[in-house]
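Enquirer: Before we start, here is the structure in question, set down as structure tokens.
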Amino acid sequence: MKYARVIGTGSYLPEKILTNHDLERMVDTSDEWIRTRTGIAQRHIAADSEMASDLALNASREAIKAGGIDAREIELVIVATTTPDMIFPSTACILQDKLGIGDCAAFDVQAVCSGFIYALATADMFIRAGKCQTALVVGAEVYSRILDWSDRSTCVLFGDGAGAVLLTGDERPGVLSTHLHADGSQSKILSAPANICGGKVQGKPFVVMEGNTVFKFAVKVLEEVVHEALTENNLESSDIDWLIPHQANIRIIASTAKKLGIPMDKVVATVDKHGNTSAASIPLALDIAARDGRIKSGQHVLLEGVGGGFTWGAALIRW
């Protein structure tokens, strides 16, 4: 049986840092209020000249370098993003060109904050089916472009960044299973309800969110999908060495870990320094934990995320 194994990770954060104290001068909020409710202290903001593909390019180069391969060996590029460079072509196609990769499949996946899990699952299925040997999976966001910077309930939450993983087919277990779900009836609780018609933006092109509803729904479905992954692999929560959740806010992260019986010292949390980077948050956190030596060969790593749509999912990996 062929598995998809992670052979390299990479990440990139824009140079500009926006702290809670900076936000105090922009909207009616405080560092104490933001930290208490979200756990966020700062977030990175892309320069005006930086697009999602630029962030993705930097993260991808790091992953390719870590994987020790030539970029031209990549046969599949998937980018998870809510903030693409343009309407079309896909950010994945733009990234493919910037990497100098020749003819290979390239496309975007849009599942908001669950996007990386969806993209990883798709690449895993390609490799398991024998349709490709090496795949690049990226989560990249310039979420600052779709924020209403006068709305203190949302602008304090998000940041920009990118994370990437390089996968290759192997007989040794890597990605053990992936689990994807969606419930379109909950689409209105987290959205950016706008479209383009006749060259004009129709509706509100900024993030709107029913915070309490999102919190309750997220904790419920994340617990369920994690148990689904554990059951399929005949594991208990105590068998998980590292939980790497979507970095929405520390309350969702801590509540989910508590329900699962996973201590916080087994949870990789970067939300304090990155904020919520949507589809980029999981691969960003994964890269940091891989590079600082926390994740070791043979360990079980559980990724989980939830996002607008409403979408959610999990992936269980043997490192």
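Heads up, the Cβ atoms here are built off N, Cα and C, so glycines get one too.
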Enquirer: Check each of the ranges 107-111, 147-151, 207-211, 247-251 against Swiss-Prot and return the one annotated as region 'ACP-binding'.
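Expert: The range carrying the region 'ACP-binding' annotation in Swiss-Prot is 247-251.
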Enquirer: Taking residues 6+ outside the region 'ACP-binding' (247-251), which of them lie with a CB under 8 Å of any CB in it?
Expert: 37-40, 113, 157, 215, 218, 269-272, 274-277, 281-282, 284-285, 306
Enquirer: Taking the Cα atoms as reference points, how far is His246 (active site) from Cys113 (active site) in Å?
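Expert: A Cα-Cα distance of 7 Å.
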Enquirer: Going by DSSP, is Cys113 (active site) sitting in a helix, a strand, or coil?
Expert: helix
Enquirer: Any same-chain residues 6+ apart from Cys113 (active site) with CB under 8 Å of its CB? Would you list them in sequence order, or say none?
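Expert: Listed in sequence order, they are His246, Ala248, Asn276, Ser278, Ala279, Ser281, Gly305, Val306, Gly307, Gly308, Thr311.
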Enquirer: Could you tell me which of these active-site residues, His246, Asn276, has the fewest other Cβ atoms within 10 Å of its Cβ?
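Expert: Lowest Cβ count within 10 Å among the active-site residues (His246, Asn276) is Asn276.
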Enquirer: Take every residue in the region 'ACP-binding' (247-251), average their pLDDT values, and give the whole-number result.
Expert: 97
Enquirer: Which secondary structure state does DSSP assign to Asn276 (active site), in the simple three-class scheme?
Expert: strand
